[in-house]
Every structure is written in structure tokens, then in C-alpha cells.
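Quick look at what TrEMBL annotates:
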type: BINDING; residues: Lys511; note: ATP binding site
type: DOMAIN; residues: 1-112; note: domain 'Bulb-type lectin'
type: DOMAIN; residues: 484-654; note: domain 'Protein kinase'
type: TRANSMEM; residues: 414-433; note: transmembrane segment
Amino acid sequence: MFALGFFNPSNSTPAKLYLGIWYNNIPKLTVVWVANREIPITNNNPSTPMLSLTNTSNLIISEGNNSGRVLWTTANITTTRAGSSTPTAVLLNTGNLVIRSSNGSTVWQSFDHRSDTILPGMKIRIRYSTRGTTDRLVSWKGPDDPSPGRYSYGVDPDTPLEPFLWNGGSLVARSAPWTGYQVKSVRKQQQATMNASDLIVYVAFVDNGDEVYATYSLSDGAPPSRSVLTYSGVYQFESWSSKSLVWDVISKWPSAECNGYGYCGTYGYCDETLAPIPTCKCLDGFEPTNKEEWSSGRFFAGCRRKELLHGCSGSYLALLGMKAPSKFALVGRGTSTSEECVAECNRNCSCVGYVYRNVSSGRSGGDTTMCLVWAGDLIDTGKISADLGGETLYLRLADTNAAGKRRKSNAFRIVLPVLSSGFLVLICIYVAWLKCKGMFNYMHKNIRLGGMNACNEFGEETPPHDQDFPFVRLEEIVLATHNFSEECQIGQGGFGKVYKGLLGGQEVAVKRLSRDSQQGIKEFKNEVILIPKLQHRNLVRLLGCCSERDEKLLIYEYLPNKSLDATLFDDSRKLLLDWTTRFNIIKGIARGLLYLHEDSRFTIIHRDLKAGNVLLDSYMKPKIADFGMARIFGDNQQNANTQRVVGTYGYMAP
């Protein structure tokens, strides 16, 4: 796979020889590691260079004449006991040159001394034990000059989760933070040219207490692939095409001018999903600080809030597929829950947003979470294309209802002393008209439904409760479900259809309520109000919702084994339900009901519990779903009367 030797990158005369490692079976010389980058062997050293391994485990390049002058060394410091075997140097199939002591332990390896390339299995890291020393890639000086160039790529000890690109000492760009495990595959349009339909890249972030590092591996049978920092300052992932005999660029960064650090200013973001040229936009709820400069393509002034925050009040808007902003604080060291992450932002009035991610879905398993919060202006944000993942950024915005009340209060303080009673009547009529219009927009256009009451057919309203709940834009859901395509449809019922989608790198189930659905706006409100209050492993999680125009959509966690009835009544799938599994499902449903009836903050009666409303996760663990008919009981309430038939018509659960 790889070869070690001396090479002349430019085939020039006089020659400049370097010790390097390159791909052995690829016709185009592709060097992945260089030893003596700063001291090439030239005609000033006319003798043949020598590569030797000393009994102190040092790898040395020296002049071949009698002087034996050392040109490069690994500078290892080891001792060899008398009578012990000599150390060995081995070039592994991974491209790693390893020096091993007589007892077999690794003394030195080229993977710890990177040049401009990261191979699968190599790490970019920060070591806590050595006071935050970091690894960096350094570009070549030119296409045929391996000496250290201007550009470097790595992480800053002060912000260990963020990879940066520097030009000398100047910061050029910042990549999306390392926030866990990712799986990336080759785009369909690239498969035809690469003959690499099975190329899957597994990217992992690890914090083991001694060091923080990122690494990646490839799927079995994948073609040779590498990440390289080019001499022109572009960090790109390449894969070898056996058809065209060239390195195909799978991805590159920076990929657009607005990828530059802080290019779009505070609260601005680079929308990389725009074609053909990505450009800057303001985050939702913000507008350009200087509209003239913004319209002329100068974005450094950034954006400002349309409605200022007042104290600690506000609601959160979910922005999916986002590159997390710079200058965040890491909360919990990988153990935070989503509730703790929200609480951390809520208790700090200067917190403007947060990102929470469960990163336990990697091949190695685990139970790691990531909570990032921001207490200052958001800078260097971006919207990332779907194949690159991205995070769900929960952005704190001013509470619309509270802001409206403040504006009205201030207005009345000014005009009341001077207005006549007749003019007051006109104002009241005008305000009433505005309220009616606002309610219409509220129901059909506004996707932030904070302060919404839960209604039911008992002719009552459940008292409102503060909601810190993510609302998702319709355009994001349309993209995630490929415009609600039939290929993404995974279920259908009296309420409408259910689609599978990918939001922020996470698989989700999207319930789309049809216009003639029996599950109307009251049931939709019920789910939005109730489920976020319920936290139990046997209850389905509601991740977000959307109410725009005539669309009412609910976004749940995706459960791959679908509903219990689909498994019970399928001749092949029911074989998965041995007695142990069935008993565990029964116990799980019972636990969920006990929580609803006795252990949750509110006493909840589901009223439509059936096998079709019990979903199964990948481990066949049950989760109760569909709370559209649910009812909240008072603390001391034992019974209530319904004004209409509820549940599934014509069906009684066994």
C-alpha cells in the first residue's frame, strides 16, 4: 500500500532529496509524509545519504561520507540494556512508520509527526498532559516544494473543539466544531466517476481525559483516501479514482469567500446551501446593521436584533443544519442532559443560544452528550449543506407577546393624557382589528407559538406554561423529506402521513396533519404542550413542530422498528417477538403509563392507547406516542366528562 524512500519532488537538477512515504500502487507520486522538510539533501552533500536506525531507537539521515554528519533525526531518548535485542522500524499498511523497542513497545511513529496529510487512523489532538500542546498540519511551500509553507491547520488550546486554518499567524477560517460521531458517504453524482459507491467515512471525536482528538476511518473496500492541506491553503478530502486515475476532491474547505472567519459579521451567517455562490444572510429575527453596506456586498458590520431581549424572557427558535458559532462554552464535559443544557442557558440572561447533541450513536456506542452555550454575540455562523451534517442551533429571540405588551404600554402612557374619549374609541377599534389580524397570522404564519394554551373537548383550557420549545421552519422540513416524497413516507393514519427525514444530522419522523384530519388544531396544540413536559424513556420524544400557512407538522425521534401492531401482525416480523421481548414491551408500556398517571409533573390520561400508538426503538423497547387526545387532570381530580367520542373510532384496544 505504501513505500518509504528518498524522492525528488520536482525531478529537477540539481536534485533535492527528501525522505518520505507515498502510495506504492498509485501511478501519480502522492507523498503523505516527509521527514527532512527543512533540510533537503542537495548537491552540497554530494555523497549518497544514509538512513540508519541506532541501538537507542533513533532513525537518522546522515551523509554517506566519512564525516557522517547528521541531517535529520527522530531525536528519541531511550536506553538499551546489554544483551537485549535491537529496536526495529516497520512501515505499516496504514502508512505509519513505527519504531519499536526491543520489548515491542512503540517508541516513535510518523503519525505523531504530521506533514500536510491526515490518513485514516491518524489523529489531530490536544494533549492535556503537556499543557495543551496541539497537533497541526503544515502545507507544502509549493506544488513541488515540501518545505513548510504558509498555511497550517489544527486546533487552538483555548478552544479545543474548533479546528482553525491559519495563514502564518493570521486566522483565515474556522471549521464546524467537533461535536461527536459523524458518518459521511459519497454523493451519487460522484459514484459514477469514482467507482466508489461504498466509500463511507466515519469521523469520531474523543475526549479520554488525557487528550482530545479527532480521527476518521473508512468503510471496508473503500479506495485510497486522504485529507490534505494544499499549498494554496485549502483543506480537502480526496479519494483515488481507479477509472480516471486522478484524485477526486470529495469536499474542500474553505469552499466560498464567506467561509472566512467572521466574514458575515455578528449574527450573520454564510449560507453554503445557496447555488451557485454562497452568500451572507442574517439569522432569523435579525436584520442588517447597515443595509446600504450589506446590499453592496460588505457584510462585516453584521446584523442586529429586530426586537431586543428584555431581561431573561424570550423563546427559542430552532435553526437546523447550522455550523455552530465561535466562542462557546462547553457545559457538563459530555454528561449533560437536554434539560440541563436549556436550564444553563435560561439561568444566564446573557445567553443568546445553545446547541445540544447526543453523540452516543457511533459504532463504539457510549453515552456522550455535547452542550454548547453562547453568552455573547454570535459570530462565524454558517448554514451547512445536508451531506456535511450540521447542528440544531437554538437561538433566543424576544418573546413576541411580551414585546407587544411593552409597546402598547409605552404608547398608552404617551397618548392617554391628550386623547379625547371619541379618539380612544377609534383606537380601541383599531387595536381590536390588529388583534384579530394578529391571531390569524399567529395560527397560519408564525412558527413560534410560545404561550399557547392546551385546549380540549371538555370545554376547558389547560393553564399556559412557559415553553422553551424548538419550532422548525417549513422549508427545512421540505428539504429533509424531499418535498414529502413517497419514498420518504413510512406511515399513514386518520391524521395524515408520516415521513422519514434527516434534520441536523439526526433521523426524524415527521407527522404531517392533513387539512381534513380528524386530529385538528386542538390535538396539535395538545401534543406541543404536553410532550415537552414529559421526560421518560418509554415515551416518544417530540423534537419540534411547525405551523406555517396551512401546514401543521410534528417532528419526533425516529424509531426504526415502527409500531407494535406492525410487528405483531406481520408474519415475518412477529418472529422477533419471543416471550422475553414481549414481556419487556409489556413492562415498558406499564412504566410509561405509571409515569403519566402518577409520577410526572402533571397527571396525564392518554385516552387513545393501542398497539398502533406504541413505537419500538432499535432495541425493541416501547415508547408511547400520539398524545393528541390526552387530558391533564388536576392534582385531586379523579374523573371528568367528555363532550365527544375520543380515541380511534370503531376500535377498542385489547
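Backbone N, Cα and C define each Cβ position, glycine as well.
A strand conformation is recorded for the residue listed as 'ATP binding site' in the three-state DSSP classification. A sphere of 10 angstroms centred on the C-beta of Lys511 (ATP binding site) encloses 24 other C-beta atoms. The DSSP breakdown of the domain 'Bulb-type lectin' (1-112) into helical (H, G, I), extended (E, B) and coil residues amounts to 3 helix, 42 strand, 67 coil.
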